[in-house]
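Everything on this sheet refers to the single structure shown next.
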Amino acid sequence: MATILSDTKPVATRGAVILPWEKSAHDQDVRAAEARLEEAVGLAASIGLVIVLQATLLLRTRRSATLLGKGQVDSLKIAVQAEKIDVLVVDARLSPAQQRNLETEFGCKVIDRTGLILDIFGARAATKEGTLQVELAHLEYQRSRLVRLWTHLERQRGGFGFLGGPGETQIEADRRMIGDRIVRLKKDLEQVRRTRGLHRQARKRVPFPVVALVGYTNAGKSTLFNALTGAAVYAKDQLFATLDPTMRAITLPSGRRVILSDTVGFISDLPTELIAAFRATLEEVAEADIILHVRDIAHPDSAAQKKDVFHVLEGMARDNMIEPDWSGRMIEVLNKIDLLGGPEELAQLGDAIGISAITGDGLPELMALIDQQMTATMEEVRYRVPLSDGAASAWLYQHGEVLNRKDDESGVDITVRIKAEDRARFEMLFKQVEPLLA
């Protein structure tokens with residue numbers, strides 16, 4: 001049954017979300033459907049729709065023309081018109097014909113799951129590879145739906161001896177244009193892939209270590225980010241709200257400064273053609289010294305969500321998008337412990353750190369753990385740098401955390417906290433600069 005929700009923004013674009021569901025009526029399947037619909041509503045809201053209608057529709061048979069059964073289409077049409085829906089989101093894959101037929105039936109724009117996610121990616125992708133991948137996915141999706149855009153011209157075909165007609169000619173022209181652009185994009189992407197490792201090595205680093213938050217949509221990453229930094233960054237429970245990473249400096253208990261980065265959220269059943277685009281948006285994780293995997297431990301599919309996250313990161317490592325040692329840099333953070341039932345469920349957390357980003361429980365322990373792991377990967381070194389060697393000083397400021405500096409007439413004493421591999425690189429590049437005893 002459809003649920004009519006109150007509309008708090010009457011001037012905004014009014015949206016509806018329906019979930020065609022082919023599972024049984026067992027309790028487990030019902031709960032899974034509720035979670036999936038909740039996710040879809042969040043996705044739709046993240047592109048600015050005000051969701052005034054949502055429904056789960058049980059599919060007994062997939063109809064080739066509309067996906068839904070005739071009775072379902074008729075009932076939904078009444079609700080869509082009554083609620084003056086502008087955009088209907090169908091949380092499933094629609095063929096071009098199904099999408100066109102539903103738009104004709106309902107008199108509003110219809111987008112499927114792939115189109116919805118493409119809208120989100122297109123609005124927020126940031127890196128060069130991410131932008132190219134999103135455009136490529138969008139064009140391939142659009143090419144399959146050109147017939148939907150030109151159906152009004154099909155009526156112009158007549159019995160004058162042509163094989164086609166103006167509509168068909170325009171479709172072919174558009175297909176050629178899109179095809180040419182796809183070829184260029186694939187060439188650009190291949191160039192990006194060939195130089196990916198070099199670009200990552202040459203990319204200018206921030207002057208502090210980086211801690212990246214990764215995890216599933218609505219696992220609480222942005223809420224944790226706010227709790228640790230005090231910044232109001234997308235705190236309105238918006239899926240994919242931080243596809244463009246947001247970074248803030250925080251101070252650990254030892255006084256060490258690090259950069260905390262809030263990144264994109266993962267999503268269930270990501271359409272195959274969007275996986276490459278999604279992975280490209282996560283490349284900022286390659287720069288992280290520590291990865292915080294934030295999990296919603298109260299979610300019924302928490303274990304499956306963890307597998308999804310690991311599967312994507314493992315694929316990125318195989319393709320040289322992130323370093324192969326990513327799992328050794330990860331801390332698992334089990335969020336929303338305030339929603340667990342009791343001591344028995346808390347006991348199941350094991351050695352992982354449990355927190356509540358809302359109540360603040362476990363946050364001091366998390367900060368201490370980050371500090372401890374960061375210390376294990378850093379070294380504190382003192383160098384004597386000649387005044388004439390400004391490049392060496394600049395390198396230390398760029399790649400390490402300068403703790404102390406003393407200048408005199410002949411040179412500079414610099415005490416720096418630096419990663420072991422960066423120290424080795426520095427001493428290889430600047431052989432004339434020797435470390436001093438602390």
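Even glycines carry a Cβ here, placed using N, Cα and C.
TrEMBL: automatically predicted annotations, no manual curation.
In the three-state DSSP scheme, Asn218 (GTP binding site) falls into the coil class. The GTP binding site annotation in TrEMBL covers 215-222, 240-244, 262-265, 335-338.
The feature Mg(2+) binding site is assigned by TrEMBL to Ser222, Thr242.
Annotated domain 'Hflx-type G' per TrEMBL: 209-378, in sequence order.
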Euclidean distance between Cα atoms of Ser222 (Mg(2+) binding site) and Gly215 (GTP binding site), Å: 10
Which of Lys221, Lys336, all binding-site residues, has a Cβ with the fewest other Cβ atoms inside 10 Å: Lys336
Sparsest Cβ surroundings (other CB atoms within 10 Å) among the binding-site residues Asn218, Ser222: Asn218
Cα distance (Å, whole number) from Lys336 (GTP binding site) to Ser222 (Mg(2+) binding site): 13
Predicted model, mean pLDDT over the domain 'Hflx-type G' (209-378): 81
